[in-house]
Structures are given as structure tokens and as C-alpha cells.
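Colleague: Here it is: the structure, laid out below.
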Amino acid sequence: MKELIDQLEQTQLLTKKEFEYLLQDHTEESREYLFERARAVRHKHYGSTVFTRGLIEFTNYCKNDCYYCGIRRSNTEASRYRLTKEEIVACCENGHALGFRTFVLQGGEDNAFTDEVLVDIIKEIKENYPDCAITLSIGEKRYESYKAYFEAGADRYLLRHETANDEHYSKIHPNELTLENRKKCLWDLKEIGFQVGCGLMIGSPYQTVGCLADDLLFMHEFQPDMVGVGPFIAHHQTPFAQESNGTLEQTLVMVGIVRLMLPKVLLPATTALGTIAPNGRELGILAGANVVMPNLSPINVRRKYMLYDNKICTGDEAAECRVCMDNRMKSIGYELVVDRGDRVK
Ligand code: 5AD
Ligand code: FES
């Protein structure tokens, strides 16, 4: 196992069989070694700094119906909201004062936010905060739409591929969503010039280690700038209500492998990781992650953006989360920085 980890660090790639072995047969000892190597690689490129992104969840309306997600259109019990442009800009103002230099606009696929409306919001934020990066996380769009957002000033785009295995993709999504289109969107975003993030949930229903190995091979091919990896967590108002959650261990192993395979990648210790374990985000950083994404959404909508059950930080003001995160990072010897946090070249 150690030899394989060394090999991954040196060559940044393994075969599907080797990845499966790494994902399946890890022990406490091999995990410690993996995390140690992942930290070493992360320190080489990013030292002990942790980048922050202020997350603004601006709409929970969604036209999609992904089986795992709490804001899927069929969840009639979800209480829906949209932020106005003024409310979004106010989140940025608050965030900028707190030291955030990247704003992530995340939402369901909501047709009320037309390209025109989004372009207007992006331009306004860029005008007010030219020192900040804007990341969009608003799902599958047409090439022309992505291009319009980029030309308006958006810098980065997060679109998790969710699973790189076709059969698995069709078991966790309705038929109208396809892996083929998801991948096309990712390649379009890259071609346009965005810094692009893909990613997946660990332990989603029907996922096998073969699926995870496929995810790694796809990510190696795609060479994303960012990768989002968090555990699947069941939401009680979805078809997957009774499914079990992804584990802390397997999520951390994936974080470590991704760091070794994509040494310079921007890799968040996700909120979902912090939800399945009280110190999940700290452990994520210690497994090779280098980004955290505290919530900047207005407090009155926090509880409505429930992708999964028991999501943390839904009752805390942005300022409280910033201080809390600062302390959490310091407690493990890392430091939040006031910086756009671009990927190193
Ligand atoms: N558990 C964990 N993550 C989820 N996401 C959606 N639903 C869940 C869930 N139940 C993730 C998806 C999506 C991102 C915004 O949130 O991977 O891409
Ligand atoms: Fe939100 Fe700790 S990060 S309360």
C-alpha cells in the first residue's frame, strides 16, 4: 500500500485496479501515510495557508429532480426563496469586510435568474469589488450562457460531475439528466476560460469503489482547477431518505488521493464533511484540503438551503462562522488568508 501511495505521488496516476485497491483496502496505518504525503504535497504548493470562499446561496428553486438533493423540484415541502440583487450584493459587502476575496454564487437551476439578470449581478459585484473573484455554481447551461457570464467577469465555475460512471449516474438522476451533457458542460467551461471545478459525493447510493476509480480517472483526464468532495448525506424528503451516509474515512481517503493526483488543485474541506463529524473540516485539511467555504447567505434563508439533513452553520451569522473557522484552522496549525486564492501556476 505504501509503495502504491509513493507511486501515485511520483506519477500522479494509477491504473483503475490500483485505485480500487487504494480505495478498498486501506488501514489506519495506510491512511495516516496517505494523509502525511498529501499534506507534504499541499505544503509544497500552498504552505499552511487556507483559502476561504464566501458562499452565497441565492436561490433554492430548482428545475431538476436529482434523487439525492433536498431542493429537488419534487420536494413540495421545501420552502422556496430567491435573493434580490440588492440582497446578494449586501452579502458581498458583509463578506468583503470579513476578509473574503472570493464569492461563490450557488443556487438551484432557477429559470427566474435569466442570463441577463445574472450578467447584471456579476457586473455589479465586479464593479464594487474588483479585487475579488466570482465563482458560479448554478448548474448546466448553454455554451453561450457560460460565455456571457465569463465575459461579465465571472472567474470560476463549480459543477460537480457527481459520478463518472454512466450506469451509476442514471441511478441517482432522472433520465433527463445525463453524464454526457454534464461532461460537455465541464469541457465548455474549460474552453471558455473559467477555472473549473468538478467533484462528487462519497457514499452516494449504488456507488462502488469501481465508480470512485472511474471518478479519479475522469478527474485525471479533465485536470480541474478545483475538486469538491464531500460525503453523501441522506435528506429525509427525498427518494434516498433511507440510504446510509458516506463515511468520514472514505471521504478523507478520497481527499488525500485527489491531492496526490492533482497536486496544485484547490480542494475544499466541505460543509458536508463538517456535518458528519464535528471536526470533519479540520480532518479534511489534514488530509490535504486547502480551502474552506463558510456561508455568507442571510441568516433568514440558511435553513431553507437544505441539500441534506442536519447541515451545519445554518444558525450562525457570517461573522461568527469566519471567527469559528479562523479558530478551527489555528487549532491545527493552519491559517486563513485574505486572498482571492487562485490556483498556483
Ligand atoms: N448529500 C451530500 N451532498 C449533496 N449534494 C446535493 N445533495 C447532497 C446530499 N444529499 C451536493 C451535490 C451538488 C452540491 C451542490 O451539493 O454534489 O453538486
Ligand atoms: Fe460556521 Fe463554525 S464555521 S459556526
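Cβ from N, Cα, C; glycine included.
What you see is a predicted model, and the numbers here were worked out from it, not measured in a lab.
Per TrEMBL, the feature domain 'Radical SAM core' maps to 48-270. Residues or ranges marked as [4Fe-4S] cluster binding site by TrEMBL: C62, C66, C69. Taken from TrEMBL, the feature (3R)-3-methyl-D-ornithine binding site applies to S137. The annotation S-adenosyl-L-methionine binding site is assigned in TrEMBL to E162, R182.
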Colleague: Measure from the Cβ of C66 ([4Fe-4S] cluster binding site) and count the other Cβ atoms within 10 Å, all protein chains considered.
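Modeller: 20, counting other Cβ atoms within 10 Å of C66 ([4Fe-4S] cluster binding site).
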Colleague: At the Cα level, what's the spacing in Å between E162 (S-adenosyl-L-methionine binding site) and C66 ([4Fe-4S] cluster binding site), rounded?
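Modeller: C66 ([4Fe-4S] cluster binding site) has its Cα 11 Å from the Cα of E162 (S-adenosyl-L-methionine binding site).
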Colleague: Who sits close to S137 ((3R)-3-methyl-D-ornithine binding site): which same-chain residues at least 6 apart have their Cβ under 8 Å from its Cβ?
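Modeller: Result: V104, L105, Q106, G107, Y157, L158, L159.
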Colleague: Which of these binding-site residues is closest to R182 (S-adenosyl-L-methionine binding site) if you go by CA atoms: C62, C66, C69?
Modeller: C66
Colleague: Under 6 Å from ligand 1 by C-beta, which of these binding-site residues make it: C62, C66, C69, R182? Sequence order, please.
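Modeller: Checking each Cβ against ligand 1, the ones under 6 Å are C69.
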Colleague: Determine, for the [4Fe-4S] cluster site, the additional residues of the same chain whose CB lies within 8 Å of the mean position of the CB atoms of C62, C66, C69; present them in sequence order.
Modeller: N64, D65, Y68, G70, I71, R72, R73, G108, L307
Colleague: Looking only at the domain 'Radical SAM core' (48-270), what is the model's average confidence as pLDDT?
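Modeller: The average pLDDT of the model in the domain 'Radical SAM core' (48-270) works out to 98.
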Colleague: For E162 (S-adenosyl-L-methionine binding site), just count the other CB atoms lying within 10 A of its CB, please.
Modeller: 21
Colleague: When DSSP states are folded down to helix, strand and coil, where does the residue listed as '(3R)-3-methyl-D-ornithine binding site' land?
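Modeller: Note: the residue listed as '(3R)-3-methyl-D-ornithine binding site' is in a strand by DSSP.
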